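> Below is one structure. I have some questions about it.
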Amino acid sequence: MNIGNQCCLFWGIFLHISVCLGEDYDLDDKTGLGRSFDGIGGLSGGGATSRLLVNYAEPYRSQILDYLFRPQFGASLQILKVEIGGDAQTTDGTEPSHMHYEDDENYFRGYEWWLMREAKKRNPNITLIGLPWAFPGWVGNGGNWPYSFPDITASYVVSWILGAKQYHDLDIDYVGIWNERSFNSKYIKLLRYTLDKRGLERVKIIASDNLWEPITSVVFADKDLQDAVEILGVHYPGTNTVPKALKTGKKLWSSEDYSTFNDNVGGGCWARILNQNYVNGKMTATISWNLVSSYYDDLPFGRDGLMTANEPWSGNYVVESPIWITAHTTQFTEPGWMYLQTVGHFTHSGSYVALTDERGNLTIITETMTHDHSVCIRPPLLPYNVTAQNVTFHLKGTFASISELQVWHSKFDFKSNKTVLFQNLRPVKVIFFHDISSLKRLDIKLDVDEVYTFTTVRNGHRGNYPDPPPSAPFPKSYKDDFDVSGNPYFSEAPNFADQTGVFEYFTNLTDPGPHNSTLRQVVTQRPVTWVADADQTISVIGDYKWHDLMVSCDIYMEAVHTGGVFVAVRVDKGGGVIRSTRGIFFWVYADGTYKVTNDLRGMTVLAEGLSGTRARVWYTLTLTVKGNYASADLNGYPLWKNAVLWEPRHGWVAIGTSSFELAQFDNFAIEALA
């Protein structure tokens, strides 16, 4: 038999173990090892990206969490990074601070504590990271800058870490540095000092959660800063680093990456960068923004998570391709495994990495994603070509003793939509060919848009649950009296997505009447933020497609003379563009007036007049919109009617206040007609 031209074993569609010659690549640990692998993770926050997840009923909520965190089941994530809530808009909503005010501490607000506990329950070894994207206004002493008083900022962040341990038995492993606009080395050193002083020497600092520069040059030149920073973390590096970062000797992480629509192109993006972040940039951890798309689709960056879970009212969720692409690495490695030095690009494009536990185990991940099928949202991807190719891996050093490898395969099919994800193929025998090279050879035929894992690890598993309920729109008839309930307890009402301000459950212990349990807007000072929060507070809910509907809500203004509250429909924007939101807004004020506006800023007035409203009295507002006309009632009596409106034609329902002020809401109801 002509062993140079004939394959001696065929299996699967494209994979051969044979002596069919291809381009040669060595996998050898005797020449030394590369960097230590630190894990693959997801990011909850930055902001409010897991908001709707907590409102899922069981068993669906636990199923989603299993797909994310349960080892050898789904994504098997090794890192969870969460936002340290700062009461401010940070992309898709606000997350509550543990300290709204300087004399206030509460370590049960929001849902990140719960999420970290659930992740730890499934994977006790998961790495936990906290990063503030924003801060309560008092931290900046009224200015929009958190480092004017760095000792206050450091104490604020450290208190969150201490609270995680004291109240939730959570050990935070790393804390990031907020650096969207400027770099502050004095604060980083002070944070390191404060952590050490409070007995948190084991908590390491990641800086600067932005670009490679200026942090790299400053760390390189400043010995004290070099001692303070453990990880150089960057956002969206495009798989590349800078030479000076490598010279620092620091660990390099892509501490926020992906941010891409989670269809199969998004899965291809994720496959490419998981390999090439190390091949090109020597980055040993990659963290996806975001963890799970649990926010309304029509907010910015809809479906930019590893999976989609944004219908708690129906129970529907979708396990998207990035979950299974993640599994190709995470189910067959652990943090602490070592990359081989022999990793790189294939001759005909694509890439491969190989990792070992230094005890004889080997995991190889290959990807051959084409350009158009792996474009991420940022940065731009330069053109390149991938073609089908034969490759030959030579297993040397410790790996020469390997006789069999487990095989897992994903194939993106963009023509006939027959994509296969994380399929377990038959193990392959690694054969010793003495008469050719006296080496163990692994000969593979790779097609385009494929991901393979070849591994000695035998416990990989494609987890599965019965299909969740079918997708369904938000209920047309919806009510909430804001009575505190739920297990576990969450501080925010189901399905409301705060866009500026924070709306929390409030129990008035001195009032046993009908309004003793309400929803209260609690932010009273503009926060320190990198996104343009509105001058008003607002929380949205419902179906973005709604256009004809009625909304009713009891409201209570707490600010005497200056208070103002609204209900709204057809609200057309959220997230970082919240300031330019339009809709139909029905306002009443504590000075006895009302106003109807076509925008949140109140610049386009449709109607106005006297209402007789004042602070510290409960009122019922009812807003009805049908076609091009709107009308409203105050306590059941018509206040105005038939205001003419043209745009927007559809949008969410919302409640809010005219400024950063205390106000309460109760007995909320929606009846959508269309």
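For all residues, glycine too, the Cβ spot is worked out from N, Cα and C.
Pulled from TrEMBL, these are the listed features:
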type     : residues : note
SIGNAL   : 1-22     : signal peptide
DOMAIN   : 37-331   : domain 'Glycosyl hydrolase family 59 catalytic'
ACT_SITE : Glu180   : active site, proton donor/acceptor
ACT_SITE : Glu256   : active site, nucleophile
DOMAIN   : 339-460  : domain 'Glycosyl hydrolase family 59 central'
DOMAIN   : 498-672  : domain 'Glycosyl hydrolase family 59 C-terminal lectin'
> On the 0 to 100 scale, where does the mean pLDDT of the domain 'Glycosyl hydrolase family 59 C-terminal lectin' (498-672) fall?
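The answer is 95, the mean pLDDT of the model over that range.
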> Once near-sequence residues are set aside, which residues in the chain of Glu256 (active site, nucleophile), 6 or more away, have Cβ atoms under 8 Å from its Cβ?
Leu43, Gly46, Lys81, Asp209, Gly233, His235, Tyr236, Ile287, Trp289
> What are the DSSP helix, strand and coil residue counts for the domain 'Glycosyl hydrolase family 59 central' (339-460)?
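Taking the domain 'Glycosyl hydrolase family 59 central' (339-460) as a whole: 8 helix, 58 strand, 56 coil.
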